[in-house]
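As C-alpha cells, the structure follows; a few thoughts come after it.
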Amino acid sequence: MGGPLWARKEERAWTIPKGEVGPDEDAHDAAVREFTEELGSAPPDGPEVDLGEVRQRAGKRVRAWGRRADFDASTASSNTFEMEWPPRSGRTATFPELDRAAWVPLARARDLVVAGQVGLLDRLEESLAR
C-alpha cells in the first residue's frame, strides 16, 4: 500500500490492486481498471481464475481474479492520491496509491498481505495445483 500511514511497514501491509466498483461496472471490469490504475498498465493477457471474495477485518469485501502471465513488477507506476500530511497541519501532500510492487514466493506473500487477503492466496495456490 502507499502513503505515509504505510511507510516503513512490511508484514501485513501489502495488498492486491483493488478498489470500489463503479455504478455501471461489474466486479471484473473494476478489477481490471484498478490493476491498470494502480500498476500503470493493463493486466497481461493469460488464462484467468476467479479467486472469489474475501472479507477483510473492517468488513470490506474484496473480489479478485488471478492470471497466469508474465508481468514485470519493476515497471509498475501507480496513480496518486492527496491527503493532509502531517495530520492537522493544513498542508496537502500527494502520495502513490501503491508504493511498491514485487513478485515474492507464495509463503512470503502470506506474511506480507493484509490478513483478510490470505484466503485469496490460498485459492490461487489451489488453482495452480490443478
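Positions of Cβ are set from backbone N, Cα and C atoms, glycine also.
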Listed range which TrEMBL flags as region 'Disordered', given the options 1-27, 82-108: 1-27
For the region 'Disordered' (1-27), the DSSP helix/strand/coil residue counts are 1 helix, 1 strand, 25 coil
